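The block underneath contains the structure these notes are about, expressed in structure tokens.
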Amino acid sequence: MERSKKPSAIPVSPTIPTPQVSISQDNARVSASLPTGESVEVLLHGATVISWKSANGKENLFLSSKAHLDGSKAVRGGVPLVFPVFGPPPASHPTSGLPQHGFARTSKWEYLGKSSSESSKLPNSSGDASIKLDFGLSNDMLESLPSEWKKYAFGITYSITLSREELETSLAIRNTGDTTWDFQTLFHTYLAVDDISKTSVHGLEETSYTDKVGGAKATSASKAPITITGEVDRVYSPALSQKITVSENKKAKFEITRDELGDVVVWNPWEGKAGTMADFGPSDGWKKMICVETGAVSKWNNLEAGDTWEGGQRIKLC
Ligand SMILES: O=P(O)(O)OC[C@H]1O[C@H](O)[C@H](O)[C@@H](O)[C@@H]1O
């Protein structure tokens, strides 16, 4: 019998746009984008973030036009990962046979997968969707290591999370062996700026630092925001709660917060040093970048067998 009041059909809700991930055909890069247009691109070589774009297509990271993206060299630009040593390794230390900044940035990482979240389920809402990409590296994936470091075992998970106005990078470094070892680590982030002469870094005014230009020397706090008028290579250790802001034309552009990363390196090679780097381009590219690098590098971090160290940074667009 026909019912007079048939329940009406349940409307099919329109497909909710979700973050997308794609892997290049040669299996060398992983890209992710949000329904609102933001995107990130990661090379498996070094798990190097080589692009982070805003919804309007604006690139937030500097990538040298001469960067090697084929795995033959560390990438000049983006976010190379420093581990297990920052700078040239000291003599008579287990890292002494390693290249400058260690091996993480020149190793091929494994893509472990993605996870995404959509906070709003309302149709046509872009919500606050975010996408997290995980990458892994362990000692058995490396072909060659100096004999000192060969006795150690590690497993690293590197997570890169893209959300609407933020890029978060975080590391979980685990000692999977039975011997304690020391490490340093850092996100060597090359931020893109339009004009270095109008760029300033805020939040480090009250902190003394090590000035590495012309040999490391302890230097007292500058009491003023950092402006770049020549080569700058400084290591600061500000309080963890201290936000670092990069401004252009006195307007905040990037805001950086940190978890467990007690050090901040500010680097710009200026014309002279950039000219000596074969992979630095274009020749005036140093006017378009500033490295604000967060890390744990001013001392050795000791990791006992079975322990995991976790740390990360968030870069927010202002
Ligand atoms: O040329 P790279 O090995 O990539 O190092 C580039 C730079 O990295 C850091 O910022 C260091 O503080 C600098 O001293 C170094 O010059």
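Here the Cβ of each residue, glycine as well, is placed from N, Cα and C on the backbone.
Just so you know, TrEMBL annotations never went through curation; they're auto-generated.
Given the structure is predicted, the values throughout are model-derived calculations rather than measurements.
Feature region 'Disordered', per TrEMBL, maps to range 1-21 of the set 1-21, 85-105, 106-126.
In the vicinity of ligand 1, defined as a Cβ distance under 6 Å, the following of the binding-site residues Arg76, Gln100, Arg105 are placed: Gln100. The number of other Cβ atoms within 10 Å of the Cβ belonging to Gln100 (substrate binding site), over all protein chains shown, comes to 12. Taking Cα separation as the measure, His188 (active site) is nearest to Glu293 of the recorded positions Arg76, Gln100, Arg105, Glu293. For Arg105 (substrate binding site), other Cβ atoms within 10 Å of its Cβ number 21. The distance from the Cα of Arg76 (substrate binding site) to the Cα of Glu293 (active site) comes to 14 Å.
Arg105 (substrate binding site) and Glu293 (active site) are 14 Å apart (CA-CA, integer value). All protein chains considered, the CB of Glu293 (active site) has 24 other CB atoms within 10 Å.
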